[in-house]
Every structure is written in C-alpha cells, then in structure tokens.
C-alpha cells in the first residue's frame, strides 16, 4: 500500500519501525502545536510547524532536524496554515460598533485597548501531513491507511487545547486587570427603608450640592449624593461618603451605569471597595426603578480611570502621536505583540537586548545553548531567553505591517509563562512595574548563570555606604553589588514652580465650570537632573544606630556613593510614590535628563588615612528585641518580615504609627526587604543544619559550606536560604576571609562618563494601570518601540521617562 510523498510513491510500512515510540496525548498533556519551542516559527510560517508524535513538542524547520538527531523521534505532524480575507469583511469598513468600545484597563484583551484595531479580519485553514524524518517522507491527513496509533495520536494533537490558551485562562483567574469584584457581604440582607422614596428616571442632582454627574444612589435610604473627589481635584464633593459616615448605610450604586441586565458600579463604603451586588435589580425595584427601562449614560469607574490616565497628554507625547512616524523593520527592529498588559515585559526585553553582552550570550551563543537540548525546553530559562533574543535581533520575524504601522510581531507566550511561574504578580495579566520586572529577570538570570558568564555583569555596580557615629566620629564602610541607581525626584526643586501654580489655578477654574484645558498645554514641574543627583548624594541621618565605639544606640550619618561604574548604568527615577491614604500614585513631572552625563562626583573612595574605623561589636552587645504584637500587625499589612524588623528596631518599638511611617518612608530603599542585621550585633545562636537541606542546596551547584551558611542565616528554612544564597552568589564564590576591604565583587569599572542609549516611559497614574513604551538609540537614530509598532522617532521625549539606560563613553 502506497501514498504520494513529494511526487514519489512511499510505502506506508515506512512508519512501522517507529510505532513503538508514538504516543497518544492525554487530556493533561501539553501539546505545543502553536509555536516552535526554540523559535517563533509557527503554522503560518513559510515552512510550517512540526509536532512530535512522541514528545508533542513543536519545532520549526530550522530545529526539527536537531531534535531528531538528539532523540531519534522520527514521526511528526506537519501543520501549515493559510489565511484568506473573510467574506463578510469589506475593505472599506470603518464601523465603530459596540465591540470596539474600551471597557477594561488592559491592552490586547477583550474590552481593552486593541492593537489589532483597524486591521482586516481573516479566516484561517489548517493543513496537516504526517512526516517521517530524516528524509521528510510525507503522508497526507486524513488518511485511513495510517496505523491506528498514528491516527489516534494525530487526532489527539489536533483536538488538544493550546497551552497558550490554558495559560491565558489560568492568568485570568486572578484580578488581572483590576476589574473583577467580590460579592458584597452586605448585599444578601441589605436593609432598605420604607420611606416612600421613588427615584425618577432623569434629572438627578446631588442633595447636598449642585452636581449632576458622578452621583451615587444609596441602596438603603434612596439618597442621591455626589461621589469622592479624585486625586486630581475632579470628581465629586465627598457627600456620598459623608452620608455613610453618619448613617452606616453601606452600599451605593452609581447612577447612569446601571444596565438592563441588572449590573452597575456598586461601591461598599463598609468594605471600601467596588463590589458585586447580585440582587441589584431587586434593590433598585424598591425605589421604583425598572432596570429594563434604563440606559447606561454615565462613565463606569473603569472608563473614568482610563480618562484620567489620558487627560494629562503624556499618552500622545510619549507615543509621539502627533508626528507622522516612519515604520521600521529588520534586524533589531522586531515588534512584540501585547499579550494583555505585557508591555512592561516587552519594553524591558527590548532594552536588555540593546546591550552587546546580552546579544553575545544569548544570540551569538545560541548554538551552544541549544546544543544539549533538555527534555523540557519550554521550561528552560536559558533556552527561552535565547529564543527571545534571536527573535528580536535576527530580523527573521520583522516584516512590514499594514497601513497603521503595526508589524505582525512575535509573541512571548512561552517566555512570559516561564518567567512568571510561581510569582504572585508576574504570573497574572495585571499591569506591573517594569523596574520590578527588570530586577525579577536579573534574579532568574543569576540563578541560571552559576559558574557561567552572566551577561548582566555589564550592569553590575558596587554601592559604597559610609556610616559615621556622631559621638565617636568613627566610621564604617559597607559595600554591596547592585544593578541600578535609584534617583529621588525632588518636586520642590522645580525650576518653573510659579508657572505650575498658575496652570493648576487655571485647570481648577476650568473644571469648576465644567470645561477642560487642552492636555497638550499641561504644565508639569520641571526638575533639573542635578537636583535628583544632589538629593541622592545628600547626607542622611540614621536613628537608633548601635555604635560599637560607645556601646550604645546613637544617631549616625550615612553617605551613599558608587564604588564602581559599570559599562551600562540603569537609572530609575523614583516617580512612583505612596499618598497619605496609602494609595499608589505617580509624580507627573518632567526631569531634564541629559544626553550625556559625568558622574565622577558619585565615586566613593573607601576608608581614608585620617579616619578611624568602628571596632567590631563586643560580645556583650544586646540582641535586638521586637514587639511581637506590633510585628504581627505589620506583617498583616503585607510588608516583608525583614523590613518590619527594621522599622521596629529604628523606631525603638514605639508603636504602629511610628513603625508604619518608617516603612512608608523607606519602602523604596535598595535593601528594604533584605535580611536585617542590626548594626553592631552578630548572633552567636547557631542553627542546627539539616543535612537533607544542605544536600538539596548543593544539588544546585553550591558548596556544602555555602549551603550551611545560608541555612544558618535563615534559621534552616530552605526557601529563604535559596533567596539568601542567590542574592550573595558573588561573595560566596570567594573565600570570605581572603576578601580585601575594597572588594569589587567582580564588577567592571571605568570612566564615569555616559551617554543615553535607551529609556522606558510609563503612561498612566500608577504602576497598576496604563502603558509602557521604550525608545532605543540604534545606529545614531532613535527608535520608538510601542509593542508591535516600531517606528523612527522624531522627538524622543526623554524628560518624561521612568527608566534610563546609559552607556559608558570610552576615552
């Protein structure tokens, strides 16, 4: 029995030697039929995708031979995909129906900002063949002549759900875009007064003022009152919340957001959150409201947040929306698709692969990384990072897009799933802080670079802290490695304070009359870069510092400098802050970041000949005592345990207010969550180390001595010990007794002159919402990367950035 194969007659019995290796996927089996596990080739690529009938891993044509040579798994399902313009789609269609409306604080997901908006829609058809390597003998599918196990395996692959879809649904189980709400505990037995109040369908007004928008109907007594005042001065006059404080009536619904299916924006003042009221239709009926006759007329809270994000005008400025930008494509000009609030990942990865160290390690060295192909390449950090690097730099996936400038782009599905595994935030689809993701990625990179060259060494610097006891004047020097320089943003140093005050007065006057100023005319505080640098360099007071020179707690002075200067300097402007009500906010400022900087004034010089060092702590130094009740309360608030210990130590256990204030003031410190070792105190309490725990850690490439030391420092907890040991990998690789006082932890050092080569900007009011874009200097021209839109920048808005990458200027 024969079947045609590339115009040749091939016996079906060719499959017989391989039947014992063919497997049938179970419902729990992940089948990678959407994308190559080593590249971004997929069924739509010119050569299609090959899915192994043994491992169910997918491979592009460039890598399927390598997989076969290593495993001898020879039988694959070859998938190709064709597309055609959908018959119902008109090329002239420009409709803007309800499905186009933005209703979620997300990008690239249902209801959110749609990067595909405006593109023509297509229908897709998959084509299948069974292929046998190494000669690529091909058998068409469907095919009754195929052995039964082959048919069952192929059908199982075709029917299997996409791993990307499975991961997507898992991420959506959390409150990934801030919109999912819990059912209020007050909704079931809500008290409603029989006071005869009937609510008219129109003509609503606040009972305490003249506002006719942002009105909330209290579901207990039927009062209509205005909502809270927003952080920017807009919104209501707080009459609804004042009413709750007087009456205790917990639930209110925003008028104008109620829909015919009995949904609407419900706020629980008692729970201080937006909630679900499953009985809302019945509660409204009490006041004569028939939801089937209502129409939604007011903006929802999500829509208002979207509006607040965009009203400042920074969205247009940072995306250079007012300019006709030239689309780009080719090597190092590859767009990244937004997977639903993944813009923070896209920007960080684009910038990291601007640095030669990352390109050399993951792109030039990709063959070495792929050489020993592991059984599970999907969950191999180095393989998936190399896949990203090659995808970005090679140009293989960078093609011109449609008239809107969008490239087809590549999607970091596997990388995102791997990088977020086990992380409470990055495993979700919520918007995240790009800087936190940068640090998270470097931590994983460190863990996967044991005894290997780490490309992040080009970013590593030494921080030098000089601490002086104010009574003895003795000093102490502390050095540690870091990967970024955080700079405060002193708003009080604005050079245009008068203009800002005048603008704010005009804005408030306009909004009081129901108008709005042109966002393009926004006046922001303009902060000189030197003011940020001076703020970082200023002397800081440390209370409750234990001085071993006078054997008591004193006030100390601390100065922070840099012990080394890296090849690339990552600068974070500390724009994100916490307001008085503990809610996150972003400073809407401009910082005059220079194109070139000289930071030699930041260099530390270590102990000087005329300085006396603080002696080592005496044996009778008292151990710190933490108020257990206060510690428990602080932990309940979600702060890291080591940070809580610091707050109690430095506030002398004086109470919750002092400790919480200390935490709020120091939560952006470099070492906020690091293990706390009180100044001058060294514990003599040895922890009995479990040999099994030592063996578990040594299995990851560390020595028994290093494992024991980490367990000693973390009270025997393996999880904490791993975090401890990975954060000190550089120190542990050297015999600590032989480390000189000026040890640089293997950091590179050189001139302190730099030029700006990339920056990441954030649009929105806090890290939990909004959008990120990045600008990168490529061959003396600035390029803007806005997810899968890559264009030549005409006016790089460097003064509105958040994260900056500077490269050393060689002499």
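Cβ coordinates come from backbone N, Cα and C, glycine included.
Automatic, uncurated: that is what TrEMBL annotation is.
Per TrEMBL, these features apply:
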type	residues	note
ACT_SITE	771	active site, proton acceptor
BINDING	206, 209, 226, 239	Zn(2+) binding site
DOMAIN	182-291	domain 'UBP-type'
DOMAIN	334-809	domain 'USP'
DOMAIN	625-666	domain 'UBA'
DOMAIN	688-728	domain 'UBA'
REGION	600-620	region 'Disordered'
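Computed over the domain 'USP' (334-809), the whole-number mean pLDDT of the model equals 86.
Counted over every protein chain shown, other Cβ atoms within 10 Å are most numerous around 771 among the recorded positions 239, 771. Sequence-remote contacts of a segment are chain residues at least 6 beyond its ends whose Cβ falls under 8 Å from one of its Cβ atoms, and for the region 'Disordered' (600-620) they are 464, 466-467, 469, 472-477, 533, 537, 546-549, 551, 561-563, 565, 680-682, 741-742, 752-753.
When the neighbouring Cβ atoms lying within 10 Å are counted for each of the binding-site residues (206, 209, 226), the highest count belongs to 226. The residues near the Zn(2+) site, meaning same-chain residues not in 206, 209, 226, 239 whose C-beta sits within 8 angstroms of the mean position of the site's C-beta atoms, are 207, 208, 210, 211, 215, 225, 236, 237, 240, in sequence order. Across the structure, residue 206 (Zn(2+) binding site) and residue 771 (active site, proton acceptor) place their CA atoms 35 angstrom apart. For residue 771 (active site, proton acceptor), the nearest neighbour among the binding-site residues 209, 226, 239, judged by Cα separation, is 226.
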